[in-house]
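Could you have a look at this structure, given as structure tokens, before my questions?
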């Protein structure tokens, strides 16, 4: 073997070494630039209301659209990654995000802001974040869990830094110039995408840029054309229907939702939870300012949430990974959601800055549990070979409630002129979702145990869990799934 052959073998296995750590750094930056960005929108809430003469409900549509598209654009990003590859999707997302925020600085109405900052920037952030996470899966095999945990710290860094930067720039140059600068900052997603060069196998075929699968019936049509006959119109129509159905089945797993009770309960519970989960992030800063807290100190509240997340989220992830909690992570998740809901009553008691700091600390601890467990629980209740499809439906449904939750609460605040209803609403949705998931899974587990007890020997404890699937790491010879897109909370 020549030296060139040895070099080729090394280039064919870039996972877990060398350039993979640069890709991890790029993923950390991407998560801070994309998932962390919506945390600063509350800083501009009062100024946007004043300049556009908009109500609380009208103004809250702007961050709601951004977050909903960021979470719900997963299936579209999945198709884009499969067609053009991760690197292209990340760089396209960075371009869209930058253009969206630059355009937002010239908006003359709140409805224009919905399109530019809400839809365009949200979609760009979705492409950059989810394609970046997918690329991380190609570069890390043995250390994939560690890499994803380290990359998620970017979200907490974004939560910490974006509000502080936003308040400083807002005070110095106003929201329009701040949005213009944000457009330039978000263009750095393109730089992160450039770092994520495609992984090549020994055959020199890009691992992250697979050829699109042939549509069902395409081969049959080709065979007919080669015989000199054209396909029948009814056959063509049926083929298109089949292809459409299979695409929906692949990216939006309705069959799993109908068949898997655990997935059904969890998806409904999280979708309901999202009606109240985002409310404090949108309204906490305006609430504090209305109650006499200085603007700079009010912006600091969101940063406190992000700072604590940096330290608590990895600890929560390690704790939930202990074998004691195997098959019981849903109860830890429900407990975190319940704590998140109960913490909102602190804001109702008092709006003093010291009290709000205590609220942010407790809320951040609860959020760390939710963020660390959301997708781990989903992996527990769904087979891993269908995880990508199940995640598609999961993110689309939760994005709907993320979209409508803040505007509906804003409408209630407009009617009552009382910001306390923000936290009442949030508590109602979070507490009811926690009780629903916890009690439903408890009943489902008892039902499964009674069924298994009548079919298998009593000492077969492994089958008593609620459809938990083992998740063993892939070997280096196995390639990761073509598209696995993961959102973070």
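Positions of Cβ are set from backbone N, Cα and C atoms, glycine also.
Heads up, TrEMBL stuff is auto-annotated, nobody curated it.
Per TrEMBL, compositional bias 'Polar residues' is recorded for 224-235. According to TrEMBL, the feature domain 'Major facilitator superfamily (MFS) profile' maps to 20-450. The region 'Disordered' feature in TrEMBL is assigned to 206-235. Residues or ranges marked as transmembrane segment by TrEMBL: 21-45, 61-81, 88-106, 112-139, 146-165, 177-196, 265-286, 298-318, 330-350, 356-378, 390-409, 421-444.
Map the listed features onto the structure and describe their local environment.
Long-range neighbours of the transmembrane segment (265-286) within the same chain, counting only residues 6 or more positions beyond its ends whose Cβ lies under 8 Å from a Cβ of the stretch, are 38-39, 41-43, 45-46, 56, 60, 63-64, 67, 163, 257, 298-299, 301-302, 330, 337, 340-341, 344, 347, 356, 363, 370, 374, 377-378, 381, 393-394, 397-398, 400-402, 404-406, 409-410, 413, 419, 422-423, 425-430, 432-434, 436-437, 440-441, 444, 489.
Sequence-distant contacts of the transmembrane segment (298-318) (same chain, at least 6 residues past either end, Cβ-Cβ under 8 Å): 36, 39-40, 42-43, 149, 152-153, 155-161, 163-164, 166-167, 281, 284-285, 288-289, 356-357, 360-361, 363-365, 367-369, 371-373, 376.
Beyond the ends of the transmembrane segment (330-350), by six or more residues, the same chain brings 266, 273, 276-277, 280, 284, 287, 320, 356, 358-359, 362-363, 365-370, 373-374, 377, 380-381, 420, 423-424, 426-431, 433-435, 437-438, 441-442, 466 to within a C-beta distance below 8 angstroms of the stretch.
Sequence-distant neighbours of the transmembrane segment (356-378) (same chain, 6+ residues past either end, Cβ-Cβ under 8 Å): 152, 155, 263, 266, 270, 277, 280, 284, 288, 293, 301-302, 304-306, 308-309, 312-317, 320-321, 329-330, 332-333, 335-337, 339-340, 343-344, 346-347, 387, 390-391, 394, 486-489.
Beyond its flanks by at least six residues, the transmembrane segment (390-409) meets 57-58, 60-61, 63-65, 67-75, 78, 251-254, 256-257, 263, 267, 270-272, 274-279, 282-283, 375, 378, 382, 421-422, 425-426, 429, 484-487 of its own chain at Cβ-Cβ distances under 8 Å.
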For the domain 'Major facilitator superfamily (MFS) profile' (20-450), would you mind checking the mean pLDDT of the predicted model?
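So the average pLDDT across the domain 'Major facilitator superfamily (MFS) profile' (20-450) works out to 83.
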